[in-house]
Amino acid sequence: MAASQLKEALDTLKESGVRITPQRHAILQYLIDTKSHPTADEIYKALEGKFPNMSVATVYNNLRVFREVGLVKELTYGDASSRFDFATHEHYHAICESCGKIVDFQYPGLDEVEQFASHMTGYKVSHHRLEVYGICPECAKKESH
């Protein structure tokens, strides 16, 4: 599945006129492979050994390009560091209040929420975001010991 996601993402970039550099390819691959919703710094640290000339600015610039073409969502939570999510389908996030871990989940019951909100408010709804907060199983286990 990751290989087909990567191919589709690369095709999307090419169709948007974006050149595929080795760094761009690696950042995209990392975002697809990781389930951790990394910060730009985390992506940089994971890839700096493979690309010694790459800077954090390079990572941010590529993430901006990915966001502009709709491949990545930037998640902001009030602290200074944004997290990035490879976005190929509508999903929601469960966030651990202890360690900050973010896990994706789907809830088909909300598929019509934008249409409903538009109908109820008269807004032209562009998107929505749902976050559920709690303690992840790993942190709950640590707390119980």
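Cβ coordinates are placed from backbone N, Cα and C, and glycine is handled just like the others.
Automated prediction, rather than curation, is the source of TrEMBL annotations.
Cβ contacts within 10 Å of Cys136 (Zn(2+) binding site), excluding its own Cβ and spanning all protein chains shown: 18. What TrEMBL records for Cys96, Cys99, Cys136, Cys139 is Zn(2+) binding site.
His128 (Fe cation binding site) falls within neither a helix nor a strand when secondary structure is assigned with DSSP, and so counts as coil. Among the features that TrEMBL reports, Fe cation binding site is placed at His128.
Within 8 Å of the centroid defined by the CB atoms of Cys96, Cys99, Cys136, Cys139, the record's Zn(2+) site, lie the Cβ atoms of Glu97, Ser98, Gly100, Lys101, Ile135, Pro137, Glu138, Ala140, excluding the listed residues themselves.
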